[in-house]
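Undergrad: TrEMBL lists these features:
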- 20-46: transmembrane segment (TRANSMEM)
- 35-276: domain 'G-protein coupled receptors family 1 profile' (DOMAIN)
- 53-81: transmembrane segment (TRANSMEM)
- 87-110: transmembrane segment (TRANSMEM)
- 131-153: transmembrane segment (TRANSMEM)
- 173-192: transmembrane segment (TRANSMEM)
- 225-247: transmembrane segment (TRANSMEM)
- 253-278: transmembrane segment (TRANSMEM)
Amino acid sequence: GVPLGSLDLESVVQPLALNPWDVVLCISGTIISCENAIVVVVIFYSPAFRAPMFLLIGSLATADLLAGVGLMLHFAFVYFIPSEAVSLLTVGLLVSSFTASVCSLLAITIDRYLSLYNALTYCSERTVTRTHIMLLLTWGASIGHGLLPVLGWNCLQEPSACSAVRPLTRSHLVLLSASVLAVLAAMLQLYVQICRIVCRHAHQIAVQRHFLAGSHYGASSRKGIATPAVILGTLASCWLPFAIFGLLGERGSAALCAHAALLPAAYNSLLNPVIYAFRNREIQKVLWAACCGCVSPSPPFRSRSPSDV
């Protein structure tokens, strides 16, 4: 069969020819790490970013940062420090970080929905508690999932059970793919509800201002639908190749197919800061202040809904 390069951890003890796909993944990991490190520093350094929505964005950026670091470490250990045991740790880190990234996206979507559905009671201590619970569940499940290959759920002792993305077993890859599809389905359902709420609110405002009803309702509705469409479209285009490959790919699939499925998933971590952080006006203010040499750790932010993010 076709050798799988860095995806085949059984071959790390042998000298490997440099795979261009692995170079692309390593470079992507470097860019992902730098980009998300900016978001993490901005959010966790400034006391102004302690609202639930910023904690969830920080969780997403942290997960994507770890994913970028994992891609770089995996490349380094495969080509420069060949070690099957250490490579298992990097695979566990990648599984944990990508799982935390997808789960953080779901948590952000849940928070957006609740901020609209329970708008009057959203800014309360109950929301903070709920956010902390979602963070604990997200990272607890993600770390536990990442530990599975390290603790023995791998195919190093049973090559016949290997998936195309070694050392993950076929059943583990199917579980990961099914989990991604479940998150996509849940987010789709939540954003459908969000669009309905936004359109209903826009219609109510338009009725109150009947002389602008047509233009106001149309513009508000388009804006309310466009943002979820971009978010879901980006997530689906990045993760569906991996999910489909995981469910339908054969054990002996070529390395090209495996890398072609993994690369878009990695690029989701590259796009997340643009969609969820850099578009936020408060974060933009801090970044501009930092670029201009101004120090303003606690700017007077107004309260915003996660739906504005």
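Heads up, the Cβ atoms here are built off N, Cα and C, so glycines get one too.
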Undergrad: Determine which recorded stretch among 53-81, 225-247, 253-278 has the most C-beta pairs below 8 angstroms with the transmembrane segment (131-153).
TA: 53-81
Undergrad: Six or more residues out from either end of the transmembrane segment (87-110), which same-chain residues have a Cβ under 8 Å from its Cβ atoms?
TA: 9, 12, 53, 56-57, 59-60, 62-64, 66-67, 69-71, 73-74, 77-78, 131, 134-135, 137-139, 141-143, 145-150, 154, 156, 167-168, 176, 179-180, 183, 186-187, 190-191, 194, 235, 239, 265, 268-269, 272, 276, 306, 309
Undergrad: At a C-beta cut-off of under 8 Å, are there same-chain residues at least 6 beyond the transmembrane segment (253-278) that contact it? List them, or none.
TA: 1-5, 7, 19, 21, 24-25, 28-29, 31-32, 35-36, 38-39, 42-43, 57, 60-61, 63-64, 67-68, 71, 98, 101, 105, 108, 164-165, 230-231, 234-235, 237-239, 241-242, 244-246, 284, 287, 309
Undergrad: By Cβ distance under 8 Å, which residues at least 6 away from the ends of the transmembrane segment (173-192) in the same chain are close to it?
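TA: Counting only partners 6 or more residues beyond its ends, the transmembrane segment (173-192) has Cβ contacts under 8 Å with 95, 99, 102-103, 105-106, 109-110, 112-113, 163-165, 228, 231-232, 235-236, 239-240, 242-247, 249.
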